[in-house]
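Asks: Right, I'll just put the structure down here and ask away after.
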Amino acid sequence: MKAPSDMKHYLQFKDFSAQEYAYLFERAAVIKGKFKRYEKHHPLTDRTLAMIFEKASTRTRVSFEAGMYQLGGSVVHLTTGDSQLGRAEPIEDSAKVISRMVDLVMIRTYEQTKIERFAAHSRVPVINGLTNEFHPCQILADIFTFIEHRGSIQGRTVAWVGDGNNMANTWLQAAELLGFTVHVSTPSGYEVDSRVAGVAAGSHYKVFSDPLEACRGADLITTDVWTSMGYEAENEARKKAFADWCVDAEMMAAARPEALFMHCLPAHRGEEVEADVIDGPQSVVWDEAENRMHVQKALMEYLLLGQVA
C-alpha cells in the first residue's frame, strides 16, 4: 500500500502536537459514543492493519484488533515465531514487504530502535504498541480517561510511583507537551532518565525520594508492575527495592480528595498497589483499559484519513 505524502508515524508521544491531541481526544469521545449507542462506524472499510508482536499482550491485541474490526477494517496478526521479522530477514526488508500489503502497522517490541528502523522503511503509518522506552498509546488512553472524569489535564499534577520505565518516560513527554506536572518517585537505581524521554531536566516534572510526598496534592496517582516483561531475572531484587513503592490508602489520602488512580494493567495486588486502592472508588482502571480501544480507533482513523468532521 502507499500512504499519503503527509504520512505520519506514532512512535513517541511527542510525535504529535498539542492541537493534534486535542482533536484525538474529541474524536475518541465521538467514536466511543457511537460504540456505546451500537452505531456502526466503518471509515476504514477495506483497510488492513498488521499487528506485529515480539512482546505478548492481552490488552494491546484485543484493543487494536477489536477496534480495527469496529472501524470496518481487517487485521493480520504476526509474531516473531511465525514471521521472519528480526530473524532471517532484516527489519528493513520486512518493513518494505509488509507495508506494500497493508495500510497500517502496529508493533509491540523491545527496543525503540527496532520500531524506528521499521518505520524508516515503511510505506504506511507505523504505531508504537509498546517498547522498552515508550508506551504512547497507553498514555493517550490515560489522559483521555482523566479528561472524561475530571476535565482538562492542563495545570494538573500526576504522581508516578514505581519504576522509571517506558510509562514514566512517556508521562514526561506528555507533561511537557500538554502543560501539566509529573511528580516522579522511584527507588534508587530505577530512576527515570529525562534524556531518554527527550525532555529538559526538571521541565514539568519533579523528583521525590519519598513516594508519599510525591502523591501529596496530586490529581492522579498512577503506577505499573515492578517487573516489566524482559526483566524477569531481576524480579526478586526488584521486590526488595520497590517494597515502599506500593500505592496504598495513605498515598491516596495525601492526594487531592477527588484524585483518581490508574494502572495500565496487569496489576499485582499487594505489590505495586493494594487491593483496596485498585478496587476502590477512586480507581478508574477499567475505564482506562476500555479507553485503549477508543483512543486507538481515533488514532488509526487519523493516521489514515486525517481529521474528519
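Just so you know, glycine gets a Cβ as well, placed from its N, Cα and C.
These numbers come from a predicted model, not from an experiment.
So Swiss-Prot lists these for the protein:
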type    : residues                                                                                          : note
BINDING : Ser57, Thr58, Arg59, Thr60, Gln84, Arg108, His135, Pro136, Cys137, Gln138, Cys264, Leu265, Arg292 : carbamoyl phosphate binding site
BINDING : Asn166, Asp224, Ser228, Met229                                                                    : L-ornithine binding site
Asks: Report, in whole Å, the straight Cα-to-Cα distance of Asp224 (L-ornithine binding site) from Ser57 (carbamoyl phosphate binding site).
Replies: 15
Asks: From the binding-site residues Asn166, Asp224, Ser228, Met229, pick the residue whose C-alpha lies nearest to the C-alpha of His135 (carbamoyl phosphate binding site).
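Replies: Checked the binding-site residues Asn166, Asp224, Ser228, Met229; minimum Cα distance to His135 (carbamoyl phosphate binding site) goes to Asn166.
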Asks: Below 8 Å Cβ to Cβ and six or more residues apart, same chain only. Which residues does that give for Cys264 (carbamoyl phosphate binding site)?
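Replies: The list for Cys264 (carbamoyl phosphate binding site) reads Arg59, His135, Gln138, Asp142, Met167, Thr222, Asp224, Glu288, given in order along the sequence.
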Asks: By the count of other Cβ atoms within 10 Å, pick out the sparsest of the binding-site residues Arg59, His135, Arg292.
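Replies: With the binding-site residues Arg59, His135, Arg292, fewest surrounding Cβ atoms within 10 Å: Arg59.
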Asks: Between the Cα atoms of Cys137 (carbamoyl phosphate binding site) and Ser228 (L-ornithine binding site), what distance do you get, rounded to the nearest Å?
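Replies: Cα of Cys137 (carbamoyl phosphate binding site) to Cα of Ser228 (L-ornithine binding site) measures 17 Å after rounding.
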Asks: Which one of the binding-site residues (Ser57, Asn166, Ser228) has its C-beta surrounded by the most other C-beta atoms within 10 angstroms?
Replies: Asn166
Asks: Determine, for the L-ornithine site, the additional residues of the same chain whose CB lies within 8 Å of the mean position of the CB atoms of Asn166, Asp224, Ser228, Met229; present them in sequence order.
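Replies: Everything else in range on the chain: Leu130, Asn132, His135, Asp163, Asn165, Met167, Val225, Gly230, Tyr231.
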Asks: Hey, how far is Asn166 (L-ornithine binding site) from Arg292 (carbamoyl phosphate binding site), Cα to Cα, in Å?
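Replies: Between the alpha carbons of Asn166 (L-ornithine binding site) and Arg292 (carbamoyl phosphate binding site) there are 17 Å.
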Asks: Can you give me the same-chain residues 6 or more apart in sequence from Met229 (L-ornithine binding site) with a CB-CB distance under 8 Å?
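Replies: Result: Lys55, Ala56.
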